[in-house]
Structure formats: structure tokens, C-alpha cells
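As C-alpha cells, the structure follows; a few thoughts come after it.
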Amino acid sequence: MAKLYFYYSAMNAGKTTTLLQSAHNYRERGMRTLILTPKLDHRAGSGVVASRIGLRADGRIFERDTGLQQLVERDIHNDGALHCVLVDEAQFLSRAQVWQLSEVVDRLRVPVLCYGLRTDFRGELFEGSQFLLAWADELEEIKTICHSGSKATMTVRVDAQGHAVQDGPQVEIGGNERYVSVSRAEFKKIMRGEGRIDPLQIALPLPVA
């Protein structure tokens, strides 16, 4: 039975690597997949999904107002049977798009695998993540480690000096130099201004100011 899956984590846990491996596993068995990627994430090039370890694949771009159920229906009409839809950076989905993906599962009987962040740099849920957590059939955390050795569950945005950025837009694309995964305790610490973090040396502990 087709299901809606949400694989969530903090930054740098290997979400995109896992997505690309899943897509490869389907294709290896002669099954066709469709990878969806948000237009605003163009770090690897428009329509390209790429992991930090070098894996890459072409994806279909969607915008915030794209009807995803209709997109999938057109894909099936044009290219034939579809065995899986995979969504990269799923935190950027709108509420309506999460519902549309649930319709892909329930009406079209195509499994949908979504990969994304759970919370933003303020510790608040993204819209897409909020409704995936509410509506997905299966939830799975992809784990990663904080420099403190604890499980990283939060993402902090830092400036060039390694200090926490607490204001600004929720959606701002950046790589390892802007965002760092930390435990909840370390998140509280740096948000209080107690030290700094070097985003290029994420193994180092936070020094106390």
C-alpha cells in the first residue's frame, strides 16, 4: 500500500544522500521515479539535486504555487507508470502542497518520500514540515551529531563571526558556512550569546564567552 513518508533531521544528516540512494534503488529494479526539488534551492544548479558527498540527479522544479498532484498526473500521462515520488527540501512545501502529495498517495497509489528539515534557525517548524508531521503515514528521523557529542536536533544560523543570527527571513538558502546542526542544549547556549561557533570546524565545542 502506498504511503506518505517524512524523513526529517537537522542540517548535514545526509537527507539528500538518502533520497538519491532511494531513487537509485528503485531505478535499479526497473522502476521509474520522479524527484521534486524547490526552485529556490539552486545551490547545485537549477533542477539538480546534489548531496555533500557528490551524488547528483536531475529533479523536477516546483514553486510554491505549483500544483503537485497535477504535476504528477501529467508526468504519468506523458511517461507512463510511476513507482515513487521523492521530494527534496520538503520543508519548503506549502500546506496545500503537502495535502496534494497525500492525494498522490491516496488517489494515484504512488508512494511519496519527503526529506527535509523539521525546524528553522529559530527552532520553529517550517510550514511544510508542520503538515508532514501532521499528515504523513510514516515519520523517521535521520540522525546526526552535535559537536558536543549529543544528538543534533536543532539548526542554528551563524554570521561570519560565528555568532547566532536570530532575525531575518525563515527561508534563506545556504550551505555549511551559514547553518550548523546542534543539540537543543547547545542551541540555547549560542542563542543566549554564550560563545561562538565556527561553521567550517563543526567538530569544535562552543567556547564560553
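The backbone N, Cα and C atoms fix where each Cβ goes, glycine too.
Listed in Swiss-Prot for this protein:
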- Ser9, Ala10, Met11, Asn12, Ala13, Gly14, Lys15, Thr16, Asp88, Glu89, Ala90, Gln91: ATP binding site (BINDING)
- Glu89: active site, proton acceptor (ACT_SITE)
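Locations of recorded Swiss-Prot features on the structure.
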residue: Ser9; record: ATP binding site; DSSP class: strand
residue: Lys15; record: ATP binding site; DSSP class: helix
residue: Asp88; record: ATP binding site; DSSP class: coil
Note: in the chain of Ala13 (ATP binding site), residues six or more apart in sequence with C-beta under 8 angstroms of its C-beta are Ile142, Lys143, Thr144, Ala152, Ser181
Around the C-beta of Asp88 (ATP binding site), how many further C-beta atoms are within 10 angstroms, looking at every protein chain? 23
Glu89 (active site, proton acceptor) sits from Ser9 (ATP binding site) (Cα to Cα, rounded, in Å) at a distance of 11
Recorded ATP site residues Ser9, Ala10, Met11, Asn12, Ala13, Gly14, Lys15, Thr16, Asp88, Glu89, Ala90, Gln91, farthest C-alpha pair in Å: 15
Cβ packing number for Met11 (ATP binding site), 10 Å threshold: 23
